[in-house]
Ligand code: SF4
Ligand code: SF4
């Protein structure tokens, strides 16, 4: 079997080296490029791989003029992070698990009831700072898996290049610095009041 | 002087179109889009490239032989451009109609080689030197089959004047002074008894007047690819091994001139091929009985219609050949040096010698 194959190959090579075979192969080369040139009026459509047409476009130009056209990405694409701060309980789990330390969170305890997240968890902390540095992020997705309220998610947005690298830091906090200061003061005041109340209670106990 | 300016402007226009076509054709053959951003369909791309090149710094390497380095691009372009002087663009429009145009063209084109060597040597760069040496070796060897192919045309036409050769290949032949009583027979054979003098069109093109000129045409076309350093004979500029060959050290305006010279060379060899083999500015449509297509699509000599039709046919035939050059470039891989020399000395030259011999015998049958 092997021997037969060898023979066939040798014959094939010998067969292709005559003058007319060379001319024939030169012409077939020209006809190939000519065919591609003629098919240049067709263009591939930007379609997702699961679309029916995806594998049915063997001819035509394959280039997409990217900013104007783009191949669709899956709906569950895992690219840019997004935090739905309304649902965040500022538990700091995401910042702790992040392998590159690109999440920075600061927290202030609340002084009154500020409601619950959409899955019913009670919110006890404000987040005056919730920054994710997308330039450092390695898109491992660990932070989204640990998030207890599923508020930190990855979105299918992948084109977010910036001229200034500082713009790669995304600020998700919903508090302005002034509001944060105010909440901080409120919290400190409450602590003082509680301490005063405690001291008063202690004094009353001693007396009594 | 007017002819000089007009030819230069025409040449610049053609070269800019050609540079754009090269990119688009290359892109389409490789299933890409090519330039799309500059102007509609990227059509201003090559204009912008030229403007960009003109703004660039003109760098002369410190170790270069300055005078040779600076002179070389001008010499190369001048040699190619001088070739256009004898090209007849229409029945009565030749920049310089001299009687020994073919001889002059071959001689002046050879000067190109000197410029290439100056550029390669003057750059003081090993890649430039290698590129120039390869280029010169290639051009000098391929001038032989090309020259022999041209010689067979000259033998058939019995003239070194491009304009006379052009007139012979059409229905207007008897209007040329000196050719009043000449007769064109089909395939040049009087024995066949078919007089094509007034039929004109494609039947009087040189490749039909003497069929072995078809072989000569193929030989000339292959050799002309080598002379203009086009793929598959582009080992002098082989980007992958020599960076860019003899013009690796050039930048800015000088590079633009070299680039222009290269594309002008392509245009020139195609023009010469059209004039010598494919009927020059003559129409391809023959007169068929009362339907005198040839006369309708030729116009009257000396009037605007004659100039327009002549220029149209000449340029459209040239563009077909130029397209073929582009297609060949994007189809075939580069030849090795030994294959290059094998093709030239062992294949093309013997065949060309045979064609010259047959052309001589054919000429005897034609009179
Ligand atoms: S995806 Fe990974 S790297 Fe990016 S913020 Fe989340 S844990 Fe950090
Ligand atoms: S893990 Fe989720 S809930 Fe906890 S701080 Fe991060 S984003 Fe907020």
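First residue shown is number 1, and so on along the chain.
For all residues, glycine too, the Cβ spot is worked out from N, Cα and C.
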Exercise. Looking at B:229-252, B:301-324, which one is transmembrane segment according to TrEMBL?
Worked result: B:301-324
Problem set entry | Correct range for transmembrane segment (source TrEMBL, candidates B:37-57, B:142-162, B:163-183) | B:142-162
Seminar exercise, completed: Stretch winning on C-beta pairs under 8 A with the transmembrane segment (B:345-365) (pool: B:142-162, B:208-226, B:301-324) is B:142-162
For this session: With the transmembrane segment (B:301-324) as the reference, find which of B:71-90, B:142-162, B:208-226 contributes the most Cβ pairs under 8 Å.
Result: B:71-90
Problem set entry | the transmembrane segment (B:208-226) touching the transmembrane segment (B:102-122) per 3+ Cβ pairs under 8 Å rule | no
